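A.B. asks: Okay, handing you the structure first.
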């Protein structure tokens with residue numbers, strides 16, 4: 001019989017979010033009267049912009065006509081959409097040939113792991129979005145889980161905590177490392193400054209590293225001094241790949257549309273082009289994002305669509321502000337809880353000193369019927385933290401905050 | 001700097017279909033007056049069923065309403081769609097928990113290669129859909145290309161030719177091998193009989209092999225005696241994974257929707273469940289097919305949708321018959337051309353004795369302005385063959401046939 005891929009036997013617990021969902025289901029089954037509110041998964045809740053929805057609806061109807069029908073498109077995405085993404089988000093810093101449309105940032109990260117294979121060194125921010133680590137383990141770029149719970153063999157964890165202002169100590173990163181950086185950060189919400197990113201880019205160029213820059217929350221940046229793309233930083237074109245998404249700004253979590261940017265100057269050690277291998281990944285192992293979703297993406301990038309996306313993000317940012325105010329309340333303060341919210345990302349990250357993340361998760365689920373995400377699920381340095389997501393209907397967030405404000409810790 | 005993944009340096013020529021597209025573009029640029037017709041890529045050309053298109057259009061519009069909005073769905077697919085696929089196509093032979101909805105068969109094959117990793121032995125039908133081999137090379141399950149053009153190190157090629165009635169000699173397959181089988185076959189059009197599949201399943205069970213059964217063309221089967229799923233064969237649940245797609249029957253090549261079936265009984269050597277690891281792949285490295293496409297899939301599986309899919313496939317089968325009749329014409333016969341068309345698949349596979357595939361491809365492009373696919377792109381045993389695709393507007397196929405019937409070979 002065929003041996004199990006050791007990448008899977010090395011993986012320990014289940015993927016974080018299905019585990020959160022499982023605990024929620026179990027709780028709901030045991031407490032059928034409970035009105036559970038989720039501040040857990042970063043899942044958009046507000047209806048799409050009618051303008052964007054209509055574009056997709058019209059496109060879908062058009063597929064039933066000879067003029068509107070379209071079969072396979074270019075695997076890299078429709079040219080008009082690639083050009084529009086370049087124009088709107090990367091004016092002068094990346095062109096359409098460097099932009100690849102996809103079915104979302106998470107799927108792109110998995111494909112990036114296929115691109116680099118098993119022989120690459122990996123460093124991640126700790127805490128971090130779980131796919132960077134889990135996908136590295138699956139592909140064999142990491143080994144087994146360490147028995148002390150400090151993560152996987154072969155992955156360098158870079159603590160990002162209040163003590164270092166959530167920016168990693170790069171001196172721990174070896175040469176020729178694939179370095180996952182997420183900004184605005186999931187889960188901490190920290191958003192890198194221009195100076196921090198310049199430090200990062202200079203380090204990567206000096207040490208042969210490639211940065212996988214996950215900018216999926218870029219649309220939440222409201223502080224104009226903060227860069228929205230790594231390619232705003234001089235030198236990034238020789239050391240970075242950017243992954244991005246329509247999921248959060250356009251509410252496309254279920255529609256599925258994202259993109260990556262791989263600059264033509266980015267090279268492997270043998271001088272060959274990373275963009276060319278990435279093109280090969282996209283054409284050989286992928287078959288393009290849904291043409292209907294791409295029609296929606298194009299509508300999201302016209303004047304009305306851009307306005308609608310901004311309004312949608314504003315809505316969630318206002319939720320985040322409510323959650324932050326609640327976590328600054330006297331009951332939390334009395335327990336020494338410290339909540340972090342930058343106003344440039346959708347997550348509120350809160351430390352519960354002396355407690356385990358899953359313990360706090362269970363407490364809040366039980367006492368408030370509110371689902372959160374345990375910080376320890378994002379990495380060893382996430383222990384004792386809880387991530388509160390600002391994605392939710394306003395009235396649900398308000399109700400959750402009302403319950404949380406009465407929580408006895 | 002980071003080393004290039006040897007999987008990519010091992011890959012030789014570009015992915016087949018972009019190479020075909022490149023030659024077409026070059027020819028068109030050099031001959032701007034040429035009216036080029038494609039019988040090349042297996043790309044649907046006819047408008048969607050209005051019934052299915054309306055379902056997607058309505059769903060997209062609904063996303064702009066509080067009642068109709070949906071964010072992330074289950075990564076494995078919406079339950080209603082999984083249940084309906086199980087009911088319509090696998091009644092009594094697989095259940096919904098074994099069905100995983102995806103963005104298409106090609107993407108599923110790439111994920112299957114991640115599932116099994118680099119340490120597995122691989123055997124493919126020769127000729128075969130290129131992704132089985134190319135993806136295996138990328139993931140490291142195969143080595144470098146052999147200098148004699150006979151394929152890649154570490155892959156067992158199983159010739160499927162007129163001499164063996166297009167069914168592989170299994171005695172060449174080692175134990176514990178991942179065995180890619182496509183039926184109805186791309187490119188040969190051969191469709192395995194119940195007896196052939198029983199032989200295959202018994203062999204796999206006796207030798208610890210797992211069959212990756214690509215059934216993406218199952219809807220073309222018109223001979224009721226031929227199985228449409230590997231799971232119609234006793235014993236398949238312990239040795240097979242099926243990959244399938246809405247692309248061809250529903251015209252969803254651009255919409256992107258497929259599914260896989262991984263039976264609960266399928267085990268790795270250590271006794272662990274393949275279904276469980278596959279679930280992990282889908283939840284960790286994928287994020288679900290577009291919800292709009294899934295709404296279309298559900299409509300495709302109701303009474304009207306099933307009728308519309310059958311009509312659509314009938315249309316292409318009639319094209320295939322026209323192409324076969326043309327290739328049976330006196331000009332082709334005089335050159336010793338032998339054309340194979342089963343009426344149970346969309347491809348006509350034709351041998352041009354004594355000629356190279358790319359030479360015939362270029363000849364037909366130049367003299368007839370018809371794009372085909374060179375058989376050698378599908379593997380060593382495809383040399384001298386040309387694949388003619390029956391996907392096309394009837395009038396284009398008729399015009400292409402008229403030109404082909406005048407071709408001097």
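Cβ atoms are placed via backbone N, Cα and C, with glycine included.
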A.B. asks: TrEMBL has B:105, B:106, B:129, B:186, B:217, B:245, B:246, B:247, B:256, B:287 binding pyridoxal 5'-phosphate. Which one of B:72, B:157, B:315, B:316 is in the same site?
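C.D. replies: The one candidate that TrEMBL places in that pyridoxal 5'-phosphate site: B:72.
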A.B. asks: Give the mean pLDDT for the domain 'Aminotransferase class I/classII large' (B:36-404) on the 0 to 100 scale.
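C.D. replies: Computed over the domain 'Aminotransferase class I/classII large' (B:36-404), the mean pLDDT is 97 on the 0 to 100 scale.
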A.B. asks: If I restrict to non-local contacts, at least six residues apart, and a C-beta distance under 8 angstroms, what lies near residue B:248 (N6-(pyridoxal phosphate)lysine) in its own chain?
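C.D. replies: For residue B:248 (N6-(pyridoxal phosphate)lysine), the qualifying residues are B:42, B:44, B:216, B:217, B:219, B:220, B:313, B:316, B:346.
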A.B. asks: Return the member of B:186, B:287, B:387 nearest to residue B:72 (pyridoxal 5'-phosphate binding site) in space, with distance defined Cα to Cα and candidates limited to these binding-site residues.
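C.D. replies: Of the binding-site residues B:186, B:287, B:387, B:287 has its Cα closest to that of residue B:72 (pyridoxal 5'-phosphate binding site).
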A.B. asks: Which ones, out of the recorded positions B:42, B:129, B:186, B:245, B:248, B:387, lie near enough to chain A that their C-beta is under 8 angstroms from one of its C-beta atoms?
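C.D. replies: Nothing passes the 8 Å Cβ test.
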A.B. asks: Using Cα coordinates, what distance in whole Å links residue B:247 (pyridoxal 5'-phosphate binding site) and residue B:106 (substrate binding site)?
C.D. replies: 11
A.B. asks: Which residue, of the binding-site residues B:72, B:129, has its CB surrounded by the fewest other CB atoms within 10 A?
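C.D. replies: Candidates: the binding-site residues B:72, B:129. Fewest Cβ atoms within 10 Å: B:72.
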A.B. asks: In angstrom units, rounded to an integer, how far apart are the Cα atoms of residue B:106 (substrate binding site) and residue B:245 (pyridoxal 5'-phosphate binding site)?
C.D. replies: 9
A.B. asks: What does DSSP assign residue B:387 (substrate binding site), in three states?
C.D. replies: strand
